[in-house]
Amino acid sequence: MEPCLESMKTASLPDLPYAYDALEPAISEEIMRLHHQKHHQTYVTQYNKALNSLRSAMADGDHSSVVKLQSLIKFNGGGHVNHAIFWKNLAPVHEGGGKPPHDPLSSAIDAHFGSLEGLIQKMNAEGAAVQGSGWVWFGLDRELKRLVVETTANQDPLVTKGSHLVPLIGIDVWEHAYYPQYKNARAEYLKNIWTVINWKYASDVFEKHTRDLDIN
């Protein structure tokens, strides 16, 4: 068996860095509890189960099962990775949620999207246009040295579109992220979520990954 797979620790549900009701009225306590305790926990549970099955299949030389398990690992592992980022992308208003980013990210946004409002409009349009379930991402393309907006289907992480892409903000547009509160009004959810976006987190990640790049 591959040493890296054998030594890989099981995933665990991360604690939220705020109370379940801390993002109201943008995101209700009911949604946060369901989203974190039910949906994210399910991805973690199923990902760990699939990894254990993969270990067994590899030890047994069961190539058919190894191949079959890849989609389960991608879906549930992606769900865990994406949600772990999503919770950090949010913050209560009294803790800076919705406060615009500072430089150098602010200047880079202006250079690539015209303004912060231009970026938000593009994110909202792309997110609203996702067919079925998926994510809309604001990221850094280290290869092209620019900021980008991308979408991914289902629970695919941004990295599935290229290892050079670094997620700064990911917004979940699965119905479980908004339906109990917004029903089918995804556009309204996208509009309101910006009031609790944690731009400090995005700025910190941006600065970490651009120390050796000329982005502006």
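Every residue, even glycine, has its Cβ placed from backbone N, Cα and C.
Keep in mind that TrEMBL annotations are predicted by a computer and have not been checked by a curator.
For 12-91, the entry in TrEMBL reads domain 'Manganese/iron superoxide dismutase N-terminal'. Counted with DSSP, the domain 'Manganese/iron superoxide dismutase N-terminal' (12-91) comes out as 58 helix, 1 strand, 21 coil.
TrEMBL lists HIS35, HIS83, ASP172, HIS176 with the feature Mn(2+) binding site. Take the CB of HIS35 (Mn(2+) binding site) and look out to 10 A: across all protein chains shown you find 23 other CB atoms.
Annotated domain 'Manganese/iron superoxide dismutase C-terminal' per TrEMBL: 102-203, in sequence order.
The domain 'Manganese/iron superoxide dismutase C-terminal' (102-203): residue composition by secondary structure is 50 helix, 25 strand, 27 coil, according to DSSP. Within 8 Å of the centroid of the Cβ atoms of HIS35, HIS83, ASP172, HIS176, where the record puts Mn(2+), the same chain has further Cβ atoms from HIS36, HIS39, HIS40, PHE86, TRP174, ALA177.
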